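Enquirer: Take a look at this one; I'll ask things after.
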Amino acid sequence: MEMFFYGFMQRAFQASFLISLIAPILGLFLVLRRQSLMADTLSHVSLAGVALGLLIGINPTWTNILVVIIIAILLEFLRQIYRTYSEISIAILMSVGMAVALVLMEIGAGRTTLSVTQFLFGSIVTINKEQIWMLLGLTIIIGLLYLIYQKPMYVLTFDEETAFTVGLPIKMMSILFNVLTGVTIAVIMPIVGALLVSAIIILPAAISLRLSKSFYGVILNGMVIALVGMLSGLVASYELGTPPGASITIILMLIFAVITLAKYMLHYLKFDRLFNKSQG
Amino acid sequence: MTEQVLTVENLAAAYRKNTVLHDIHFTVNAGSLTGIVGPNGAGKSTLIKTILGLHPALSGKVSFFQSTYEKAKRKIGYVPQRGSVDWDFPTTALDVVTMGLYGQIGWFKWPSRFHKAKAYESLEKMGMADYANRQISQLSGGQQQRVFLARALVQNAEIYFMDEPLAGVDAATERAIMAILKELKAAGKTVMVVHHDLQTVRDYFDHVLLLNRTVIQYGKTDHVFTKENIARTYGGNMRWMGVENQDGLPSIQQ
């Protein structure tokens, strides 16, 4: 219980709660738009953003957000260019982002005490008040935008052609969505680590997709799954001294395994009963 | 007098450097039910997409109700090919149909009970009421197509463009869809349908647009859907069945 008395743990729990609210919303749209790897790309790019900030001596959070916004916009244009191979843009930007990050970090080596590994794997000890406020602001913005734009986004995601014919500004909406995803990743990345931030955004929605048949059902279940995964991951991370992002990801995977197994068994039992009935 | 609902002048479109459509001219009158017919690669889907601005036009002018597409948008309904959307999407049949009402409800308001009832009614009309709360991935191809049609119906548009609504559906669905199309026509709506089955053109459509990269001919089915015109459209790759009859049913040999 003593973990709750530490300021950094309290901030970690606050951050986890906020992330659990936004991750399933973004995650579901990313999965349905076939962009689940975009989160990975943006997290690699966001490493470059951090490295740039450290190099030129500006708060890395801001350079990070700036770089990620530019790339998020670029991603939409690349998606248009390679219509049939939309994953190419992801492959290109992911490796370029990583390469730029490594080069910048090497150039800036020695100027800062922050290490690459801290951003690769994340650290709950380093969450500061400013990050919590940013996360809270972001949660409010995403929540409001979701409430306002849920119908247009729903149509855009289900059927882009119809969205166009009814006059929705589809390009604008796509870019805005990418930018929001980018900013979220830039804000969450230092906490859970660049390598696993996408897992935390994608997995709750992906697991929830197996449970609900309605859109809102997926999002609500996703929030519960994210909350359970993140909180228990944090506790595990504290107790075992493991990296938070990795602990959370493993717990989410366990949830996925349990749900898949339970669904399979339920299906099997139902089938069995039907079979026995027809026999008797 | 009949109102002109769609005028297409000098339309052309291309994919990369290959011109798919050129010199497209035609005028569609209100209350007509048109089958757009032509061989594979003739540009049937592209024609619809270019008219609706989904595909860029190289040249030409399209007007709806003697006005622009922008102004007439609310009167235009589009039913894309079934394969163009994600049927694993976590949503129910009723929700998909309700989507067709968003234009009327307003993008930022919630659908009321009245709107839900309207969507349900439309599903009922397509014989899909029992499936209203099914997730769409659990529906058969024909049922999915009916849901698509129901979504178009609630939109209450004046002119509909449908891209192969009868492709790969079962006989019952085909009958249900055709009944609805004829009902739309009777209500004075205009419907343009991309169609691939030459055998049924005469029974289904009162107008035919024969297309192969350009409009071979457009007009009343009786006048246009002749052996000569069909041969011109399909470039002679035809095998005629029941040749003793002038209007023998053609089938395509490719």
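Cβ atoms are placed via backbone N, Cα and C, with glycine included.
Automatic, uncurated: that is what TrEMBL annotation is.
Annotation comment: TrEMBL describes A:12-32, A:38-58, A:88-110, A:131-149, A:175-203, A:215-238, A:244-266 as transmembrane segment.
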Enquirer: Taking A:12-32, A:38-58, A:131-149, A:175-203 as candidates, which has the most Cβ pairs under 8 Å with the transmembrane segment (A:88-110)?
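Expert: Between the candidates A:12-32, A:38-58, A:131-149, A:175-203, the best contact partner of the transmembrane segment (A:88-110) is A:38-58.
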Enquirer: Relative to the transmembrane segment (A:131-149), which of A:12-32, A:38-58, A:175-203 accounts for the most Cβ pairs at distances under 8 Å?
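Expert: Checked against A:12-32, A:38-58, A:175-203; highest Cβ contact count belongs to A:12-32.
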Enquirer: State the non-local partners of the transmembrane segment (A:12-32) in its own chain: residues 6+ outside its ends, Cβ under 8 Å from one of its Cβ atoms.
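Expert: Sequence-remote neighbours of the transmembrane segment (A:12-32) are 4, 38-39, 124, 127, 131-132, 135-136, 138-139, 142-143, 146, 153, 157-158, 177, 180-181, 184, 188, 191-192, 200-206, 208-209, 215, 218-219, 221-223, 225-227, 230-231, 233-234, 244.
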